[in-house]
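What follows is a short report on a single structure.
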C-alpha cells in the first residue's frame, strides 16, 4: 500500500495547531478605552480654518447724510374717523331682491334664481352675430357668382337662327353630298361576297339615310336654330 513520506510531518502540525480552532477568532481581544467614545459630527469632513483679513485692506467709507436731509416720517392716520366719514358720505347700498317660496319664510336671492329676465334686457339681445352676417354675405356672393357663371355659359350655348341664305347654302351642300354618295353607292359591285364590301355598303347606306333626313328637315322647316358650341 502507498504511504506518504510527509505523513509524520502533517500529523505533527495537526497536533501542534489543534488548540487554535477551539474559539472563533483570537482568544484575547483588546477592549476599547472608555475615553475613545464617538462624538457628534466627528466623522464629517472638516473645513480649512478661515484666513484672517489682512490689515492692508481698507474698509469702505461710511455714507454720512447731509445736514439738509430730512427723513420722511410716517403720518399717523385715524382710520376710525376716516371710515366713519366714508360711511356717512357714501351712497347707501340698495337691498338685493329676494324671493320667498315657503310659508315658513325660506327665501333666496332673486337674481341668480333664473326668474329675472336678464338676457332679454341686454343691448345685443336679438341682434344677429357678426360671424353669422359675414357668413350670409359670403353665401350670397357665392350664389351670385354661380348664377353669373351659369348665365354666361347659357349665353355661349344660346341658339342661333339661320338666315334664308345660309339655309339655302346648307341645303345645297347637303344635296351635293347626297349625289356624291349616291353615285358611289350605285357604283358598288352587285355581288358583296367579302366582309369589307358589306361594311362599305352599310356605311354608305347610313350616310345616305342621314343626309336624306337632314334635307327633309331643312325643306320642311323654314326657321332653323343651331346651338353655338
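Just so it is clear, glycine is given a Cβ too, placed from its N, Cα and C backbone atoms.
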173-200, 201-228 - the one TrEMBL records as coiled coil: 201-228
Model confidence over the domain 'Enkurin' (134-226), averaged pLDDT: 85
